[in-house]
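Sequence annotations record features per position, and here Swiss-Prot assigns region 'Microtubule-binding' to 1-189. Marked as region 'Disordered' by Swiss-Prot: 107-131, 821-928. Residues annotated as compositional bias 'Basic and acidic residues' in Swiss-Prot: 116-131. The repeat 'WD 1' annotation in Swiss-Prot covers 199-237. For 241-288, the entry in Swiss-Prot reads repeat 'WD 2'. Annotated repeat 'WD 3' per Swiss-Prot: 296-336, in sequence order. Look at Swiss-Prot and you will find 343-378 tagged as repeat 'WD 4'. Summarising the annotation, Swiss-Prot assigns repeat 'WD 5' to 385-424. Per Swiss-Prot, the feature repeat 'WD 6' maps to 442-480. Among the features that Swiss-Prot reports, repeat 'WD 7' is placed at 485-521. The repeat 'WD 8' annotation in Swiss-Prot covers 524-563. Residues or ranges marked as repeat 'WD 9' by Swiss-Prot: 567-604. Annotation source Swiss-Prot lists repeat 'WD 10' at 610-646. Under the heading repeat 'WD 12', Swiss-Prot lists 702-760. Per Swiss-Prot, repeat 'WD 13' is recorded for 767-806. Positions annotated as compositional bias 'Polar residues' by Swiss-Prot: 836-845, 877-898. The annotation compositional bias 'Acidic residues' is assigned in Swiss-Prot to 867-876.
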Amino acid sequence: MDGFAGSLDDSVSAASTSDVQDRLSALELRVQQQEDEITVLKAALADVLRRLAISEDQVATVRKAVPSKGPATMREALSMSCITNGGAGTRKPSHITSVAKKDTLSSAAKSVKRSSTIEKSHNSWDASEESRNKLMRAASTSKLTSKVAKATDKHKDIVISPEGEYIKMFMRGRPITMFIPSDVENYDDIRTELPPEKLKLEWVFGYRGRDCRANVYLLPTGEIVYFIASVVVLFNYEERTQRHYLGHTDCVKCIAVHPDKIRIATGQIAGVDKDGRPLQPHVRVWDSVSLSTLQVIGLGTFERGVGCLAFSKADSGVHLSVIDDSNEHMLTVWDWQKKSKIAEIKTTNEVVLTVEFHPTDACTIVTCGKSHIFFWTWSGNSLARKQGIFGKYEKPKFVQCLAFLANGDVLAGDSGGVMLIWSKTTVESTASKGAKVLGVYQISRQIKAHDGSVFTLCQMRNGMLLTGGGKDRKVIMWDHDLNPEREIEVPDQYGTIRAVAEGKGDQFLIGTSRNFILRGTFNDGFQVEVQGHTDELWGLATHPFKDLLLTCAQDKQVCLWNSVDHSLEWTRVLDEPGHCADFHPTGTVVAIGTHSGRWFVLDAETRDLVSIHTDGNEQLSVMRYSVDGALLAVGSHDNFIYLYNVSENGRKYSRYGKCTGHSSYITHLDWSPDNQYIMSNSGDYEILYWDIPSGCKLIRNRSDCKDINWATYTCVLGFQVFGVWPEGSDGTDINALVRSHNRKVIALADDFCKVHLFQYPCSKPKAPSHKYSAHSSHVTNVSFTHKDSHLISTGGKDMSIMQWRLIEKVSHSQNDNIVESSSAVNSPVVTEKPLQPNTPTNLPQAVNEVPKEDDKTPAESPVPAEDALEQPEELNEVQSEKCSSQPEGANGQEPSNEVSEDPTDSAAINNTPEDAQDENQDDSSPLS
């Protein structure tokens with residue numbers, strides 16, 4: 001019986017194995033058939049695309065034969081024929097084409113499948129001549145697709161109605177209809193040019209201390225040098241002036257000062273421009289007096305970014321050592337004046353935090369980082385590594401910083417709060433007994449210095465030493481024998497210490513993790529010199545009649561800044577991150593929207609909480625008071641606009657109504673001058689109009705609103721502004737837009753780190769603009785000050801606030817004798833002057849308060865001599881959005897405010913392992 005059962009099992013097993021093999025064979029056959037079908041489908045698609053391209057070429061030929069100034073009806077008919085044939089230069093036709101392709105593929109697949117089912121035994125695709133021809137056509141599919149795309153681009157991006165009543169632009173295939181105002185007699189006669197106004201960077205608020213180290217220094221000019229975004233700032237705290245080096249194309253990450261204290265090297269990270277082209281990391285060496293670029297080093301050499309760098313000291317700064325952020329953390333040594341790389345070697349796969357040349361031994365370079373300290377012997381083009389041996393001493397998780405004692409010993413601070421002294425000793429060679437080997441560094445002494453990490457070391461001119469602690473936030477002064485003499489603790493609200501530098505006299509400078517720069521002494525404590533936000537920044541509002549601006553960010557801080565003396569008036573921490581803000585027309589209160597649907601009203605003078613409300617549970621994207629201040633509109637990500645009655649000069653609020661009709665979240669909105677209507681944009685490119693007195697009703701006939709002269713213009717979609725959109729935009733490239741109060745220009749914040757200045761109105765596609773670089777992440781907001789004298793822009797991830805001065809270019813003939821130039825005898829001379837507003841900003845009639853005399857903006861100061869002439873090419877802007885080139889070094893003098901290529905929208909701001917650390921992390925971290 002058992003034998004019978006065993007034989008039965010064997011037979012069942014054999015049968016199941018045979019069944020599995022049959023199924024595998026069937027599946028293999030099916031896969032082969034499907035691959036054959038795909039090949040045929042590719043060939044069919046190639047044929048369709050080729051026919052489409054031929055059709056496009058024919059349409060283009062017909063268009064060339066038609067006069068450009070023909071009747072509007074003929075132009076519209078031609079445009080519609082292009083759309084019918086799939087060749088319009090808009091995205092909608094291409095979307096239709098893609099649907100057609102899917103239908104073609106589907107029918108072809110069914111046909112092929114039926115054929116393959118009937119004639120399975122006769123399938124020999126790969127051997128037939130027809131198959132080879134089809135494969136060749138399929139291989140050329142990508143080329144044909146490219147050709148079709150190019151042919152499509154030849155056609156105009158907009159469609160004008162036959163009657164000239166409206167224009168349609170397309171965004172991601174969706175039509176956006178904009179009605180032409182009545183005062184436009186002929187749309188073809190509209191001309192959009194570059195505005196005469198330009199921008200000049202005047203002030204930068206903020207400092208990058210959260211994820212950087214050793215990036216604050218005092219120069220002989222009395223200026224503090226530091227960086228934020230792609231700007232290196234030189235700040236004279238006594239005279240309250242700033243100068244800016246603008247040569248970088250993305251986030252500046254590290255800085256080194258030459259032994260002569262004049263020349264400076266700064267390194268940046270990699271990025272990508274708006275066209276997807278890489279922005280290579282590099283080091284720029286520049287003159288801190290003239291702000292001219294002396295050399296650009298490392299293009300094509302560094303990966304990801306420049307992590308740290310240092311000038312040599314023993315040879316008076318002839319050489320520069322750089323460590324990049326690649327996996328191997330490559331160490332390179334450069335003769336920077338010759339722009340030549342002398343030596344290169346891999347250091348370690350672990351984090352490297354610091355590199356330094358030995359001040360007296362020109363052949364020694366020291367690097368340190370996670371669980372290591374390396375001593376490099378440099379000879380010619382070779383680098384030899386000797387690892388620091390901790391021996392009986394506990395090996396730290398991180399060696400954080402380096403300094404050098406007068407006797408040549410190396411001093412290192414570690415994550416355990418210990419200072420290690422490494423002395424050069426002689427040891428006995430293991431190869432031959434009795435032989436002595438010089439140059440081995442060993443720990444000769446250790447000193448417990450701080451609770452938590454020793455984050456930074458600063459060797460002072462008098463031989464004393466300053467150390468900065470991470471966790472304990474203490475600055476300690478040590479004498480020549482490394483005995484502690486004095487100490488002081490940085491208050492908790494400023495964060496932990498990131499950088500320590502020697503100041504004037506007995507002063508010292510501190511950079512902190514909460515983006516403060518402090519100046520202090522052991523006797524008098526600290527004074528704040530620089531401060532900024534510590535997280536992503538979106539909210540911005542300018543005061544209606546004072547030189548004040550308000551910002552709010554993810555760090556929950558609300559800050560009121562003075563744009564004249566560039567100081568912080570007050571700051572308040574909310575319960576939630578702020579995202580948008582607007583001042584009441586009286587200027588007495590400001591409304592702030594948050595990420596949770598709650599919004600706060602604060603007293604603009606005392607920062608006291610006046611009111612708090614909640615609308616929905618999603619992010620509020622825009623707050624906008626009506627012109628008379630009687631209504632407040634709140635745009636939300638729940639697709640609604642909430643309306644509130646406002647009384648008592650902005651101190652009392654009651655729900656008025658709700659605008660319902662958008663199919664996506666609200667992005668921007670504006671009021672009409674009579675407070676009757678609202679224009680709004682949404683995330684799916686809608687332009688809707690609302691009748692507020694009639695119960696917040698949606699106006700169905702949008703042409704009724706075409707002649708409204710909106711009190712403000714912040715909507716990014718509309719007839720007066722649609723020309724600002726770049727070609728091929730997906731609808732998210734523009735974050736904010738604002739029209740100046742004098743209605744002359746439009747400022748724009750984009751996703752490619754740029755601030756643009758357009759002429760207003762801007763009703764032609766691909767309008768030209770002045771383009772400015774300073775931010776290193778998406779620019780989130782822009783706003784003009786009340787007299788249009790300045791523009792404020794905010795950066796997202798870079799957390800910076802930029803204040804730009806509007807400059808009006810005025811041309812003069814040579815006979816005016818303003819400036820004599822031997823190089824341009826017959827050319828006009830161009831001078832800069834601050835832009836003066838044509839009309840004062842008037843308060844609404846409902847406002848009873850009148851600004852005091854001392855609240856008015858002081859007269860503009862004279863233009864400095866160095867600003868009196870415009871260069872042959874404006875180096876801090878690019879007037880065409882089409883050009884983008886890699887930065888090039890200059891052997892001679894290169895102006896510092898050049899625009900290199902477009903900076904990246906850098907999510908890579910925190911792209912190194914230490915960047916992701918929080919300021920309250922464990923002491924074992926390199927940033928604790």
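First residue shown is number 1, and so on along the chain.
Glycine too: its Cβ is placed from the backbone N, Cα and C atoms.
Note that the coordinates shown come from a computational prediction; the quantities given were computed from them, not determined experimentally.
Here the repeat 'WD 4' (343-378) has Cβ contacts under 8 Å with residues 213-214, 307-315, 319, 321-323, 327-333, 384-388, 395-402, 404, 408, 410, 412, 422, 439, 441, 912-914, 926 of the same chain, all six or more residues outside its ends. In this chain, the repeat 'WD 2' (241-288) touches the repeat 'WD 12' (702-760); three or more CB pairs sit within less than 8 A of each other, excluding pairs fewer than 6 residues apart. With DSSP states grouped into helix (H, G, I), strand (E, B) and coil, the repeat 'WD 13' (767-806) comes out at 0 helix, 22 strand, 18 coil. Counting residues 6+ beyond its ends, the repeat 'WD 5' (385-424) has Cβ neighbours under 8 Å at 213-214, 345, 347, 351, 353-354, 356, 358-361, 366, 368-377, 438-459, 463, 465, 467, 469, 471-472, 480, 482, 923-926, 928 in the same chain. Confidence annotation: the region 'Microtubule-binding' (1-189) carries a mean pLDDT of 56 in the model.
The stretch from 442-480, 524-563, 567-604, 610-646 that makes the most Cβ contacts under 8 Å with the repeat 'WD 1' (199-237) is 524-563. Residues in the repeat 'WD 5' (385-424) partition by DSSP class (helix H, G, I; strand E, B; coil) as 0 helix, 23 strand, 17 coil.
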